[in-house]
Amino acid sequence: MTAPPRIAFLASPAEPAVAARARLTQRYGDHALDSADIVCALGGDGFMLQTLHRHGAADKPVFGMKLGSVGFLMNQYRDNEDDLLERLQRAEPAYLRPLEMQVQTESGASAGSLAYNEVSLLRQTRQAAHLSVDLNGQTRIAELIGDGVMVATPAGSTAYNYSAHGPILPLGSHTLALTPIAPYRPRRWRGAILKADTEVRFRVLDPYKRPVSVTADSHEIRDVVEVTIRESTQRQVTLLFDPEHNLEERIFSEQFAV
């Protein structure tokens, strides 16, 4: 008989998530992350992203259950906790590769971060950002004027990217969305769909008069002068979903939401 998986339960600080964790650990035990087979994250999408950033390198599959305001990356939490092992056994995997971001700032400092949803550049003041856009070393837009621009993964394409009128990308399509944010010029440019291995470089054309910040998921860096983004070839995380609500179907269904 196969032993049940060892589960590490992680919860957001929200009271419903903390209470759910207490009930689940009483039922299934409380395993440390380094000895667990599966991570169960209790919260919303924000907590799921936090979990991936903090523990993605542990290479443990993550099964999220929604106890927050947004749960696109989560499964539904059910009051009947007795079926969790069956759900884990039936769960379907989704494999996500984050974006790697490298940044140069006005002060000459360098910084880096990962993003599972998107990397977005935004103006810091009332003045529009002026940016150049290079793809694989070739300048494609010499001057983009607007509030900013972003690069989104398929998993993140239904979030901020979609709100900015960017395309929804199928999971496993090996593509990225390049989406302007409130563009003024070029007026007719609405972004592009890129191959996942494309290197994207943004340069801030007037960083002193028109300062720009960059955010990788929730990690913000201000006063940037150059940002380079590429899909990670080293890091991959596995999310687990109930078969009837798998991530691929959710992304597909979003294209028909009214």
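Glycine residues also receive a Cβ, built from the backbone N, Cα and C atoms like all the rest.
Keep in mind that what you see is a predicted model, and the values were worked out from it rather than measured.
Neighbour count (other Cβ atoms within 10 Å of the Cβ, all protein chains): 19 for Asp45 (active site, proton acceptor). Taken from Swiss-Prot, the feature active site, proton acceptor covers Asp45, and the record attributes it to sequence analysis.
Its Cβ taken as reference, Asp147 (NAD(+) binding site) is surrounded by 16 other Cβ atoms within 10 Å in the chains shown. The NAD(+) binding site annotation in Swiss-Prot covers Asp45, Gly46, Asn117, Glu118, Asp147, Ala155, Thr158, Ala159, Tyr160, Asn161, Tyr162, Ser163, Ala182 and is backed by sequence analysis.
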Would you please pick out, from the binding-site residues Asn117, Thr158, the one with the fewest other Cβ atoms within 10 Å of its Cβ?
Thr158
Sorry to bug you, but what's the C-alpha spacing from Asp45 (active site, proton acceptor) to Thr158 (NAD(+) binding site), rounded to the closest Å?
12
Specify the secondary structure state of Tyr160 (NAD(+) binding site) as given by DSSP, simplified to three classes.
helix
Reduced to three states, what secondary structure does DSSP give Asp147 (NAD(+) binding site)?
strand
Would you mind reading off the Cα separation of Asp45 (active site, proton acceptor) from Asn117 (NAD(+) binding site), to the nearest angstrom?
10
